[in-house]
Amino acid sequence: MQTAQQFKQSYRPAGQDDYDISGRVLDIIRDVRQNGDASLARYTKQFDGENAEVREIPADELKAAFESIPEALRDALIAAKENIEAYQSKIKWQPVEPEGFYPVLHPIGRVGIYVPGGKANYPSTVLMTAVPAKVAGVRCITVVTPPPGNPATLAACHLCGIDHVYTVGGVQGIAALAYGTETIGRVDKICGPGNAYVAMAKKLVYGDVGIDSVAGPSELAIVVDKSSNAEWAALDLLAQAEHDEQARTYLISLDQEKLEEVGRLADQFAEEAPRSEIIKKSLADNHWAILAENRSEAVELLNFIAPEHAAVQTEDADSYAEDVTHAGALFVGGYSPEAIGDYSAGPSHVLPTGGNARFQSGLSVNDFLTANAVIRVDRADYRRYAEAGIPIARAEELYAHAASMEARLNGGNED
Ligand SMILES: NC(=O)c1ccc[n+]([C@@H]2O[C@H](COP(=O)([O-])OP(=O)(O)OC[C@H]3O[C@@H](n4cnc5c(N)ncnc54)[C@H](O)[C@@H]3O)[C@@H](O)[C@H]2O)c1
Ligand SMILES: N[C@H](CO)Cc1c[nH]c[nH+]1
Ligand SMILES: [Zn+2]
């Protein structure tokens with residue numbers, strides 16, 4: 001257990017010290033750029049197993065996967081998809097009147113989605129990325145996912161009408177999307193979460209291709225008080241810890257007894273959990289238990305950590321919504337567990353990690369739109385813009401800029 005002060009003094013956000021992996025990740029990216037498919041095949045055997053194969057899954061196999069999964073799962077995917085569509089449609093940017101200066105909205109042309117598949121399978125991630133892209137109007141979507149391709153993930157690809165699905169994961173999958181190979185077409189923007197290697201690869205290709213955010217190993221910060229249900233809070237911690245040994249969990253309590261109770265239950269549940277090994281390592285290496293003195297210290301801690309998910313399960317949980325400014329998503333009250341956001345609530349579960357919620361929002365339909373300005377000045381209005389521009393151009397000693405504006409001051413043939 002730590003005080004807020006002690007925690008803040010020693011804390012480092014996830015990913016900031018990943019220098020050791022950045023070199024290795026860059027080597028793989030360079031190799032894929034130079035050697036294309038041959039490089040993909042080599043790294044896939046190295047990281048995913050000797051028999052692992054990179055291939056495109058044809059549409060009829062995706063359909064067969066959809067038909068083969070249990071009906072209850074099919075219905076659940078369809079229901080979740082509807083919720084996601086409803087939320088994303090509600091928040092989609094709307095065109096403004098095309099007069100004067102205005103932004104014109106265009107869907108991004110080619111989108112690549114990374115669907116993780118190392119320590120767990122993520123059909124939900126297909127929905128949480130492809131549905132916003134489709135609502136935006138993206139015409140070509142490519143999914144990459146580690147081999148051999150999980151049936152439920154492939155089923156979700158069919159449900160979402162994905163154009164191309166390739167069984168290639170990790171850094172090599174990201175590099176293939178960013179630069180293209182003989183068989184995989186390069187895309188304009190890559191989205192989707194992944195482990196620390198995938199997150200680093202996205203950072204390193206950014207600029208040559210767009211990315212949504214650095215959505216690395218999962219994070220959850222829960223705030224509890226005397227009134228909180230300790231069992232629920234402990235289970236919520238485990239629900240993040242089971243993703244990855246590197247998943248981070250923070251328990252912030254306004255009450256010392258509750259802090260100890262939740263911690264005890266989490267350790268107890270970890271022993272019996274199906275993914276016990278991952279959970280125990282995550283809790284041992286990447287869990288913080290912090291005693292906050294009061295509500296404002298709890299809010300300050302959340303904003304300091306800027307976690308992927310913040311969950312407030314205190315008596316006055318509603319009051320946190322305005323004050324928590326840095327969190328990928330905020331879950332308010334005991335009946336809003338983070339797992340609901342993972343699957344079926346509607347906002348995307350692809351959220352910024354490593355403190356990036358300070359400047360980055362979760363994935364949404366608007367990440368798949370560009371809003372570029374259209375500038376059209378009439379002769380009647382020209383003078384006031386030119387007169388504001390010319391002195392600034394001169395101050396910058398950019399005389400051709402000034403001349404370009406001056407030449408039009410007295411009119412000409414152009415109307
Ligand atoms: N932030 C979010 O929005 C969000 C959402 C869902 C999941 N997640 C996170 O996504 C991650 C999924 O991770 P995962 O491992 O299950 O699947 P993954 O698909 O991200 O990673 C598996 C791949 O990593 C590569 N890899 C493994 N070890 C490597 C090494 N030593 N060097 C280079 N490459 C290596 C391999 O190519 C392998 O196919 C978890 O950390 C989870 O918490 C985050
Ligand atoms: N909690 C993850 C984001 O950090 C998303 C997810 C998908 N499936 C289960 N969970
Ligand atoms: Zn989760």
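The backbone N, Cα and C atoms fix where each Cβ goes, and this holds for glycine too.
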| task | According to TrEMBL, Gln240, His243, His401 bind Zn(2+); so which of Asp188, Asp285, Asp342 is the extra one listed there? | result | Asp342
| note | Checking TrEMBL, the member of His309, His326 that binds substrate with Ser218, Gln240, His243, Asp342, Glu396, His401 is His309
| Of the recorded positions Tyr114, Gln172, Asn195, Glu308, which sits closest to Gln240 (substrate binding site) by Cα distance? | Glu308
| message | Neighbour count, 10 Å Cβ-Cβ cut-off, for Gln172 (NAD(+) binding site): what number do you get? | response | 28
| Candidates Tyr114, Gln172, Ser218, Asp342 (binding-site residues) - the one closest to Glu308 (active site, proton acceptor) by CA | Ser218
| task | Measure from each Cβ of the recorded positions Tyr114, Asn195, His243, Glu308, His401 to the atoms of ligand 1 and list the residues where some distance is under 6 Å. | result | Asn195, His243, Glu308
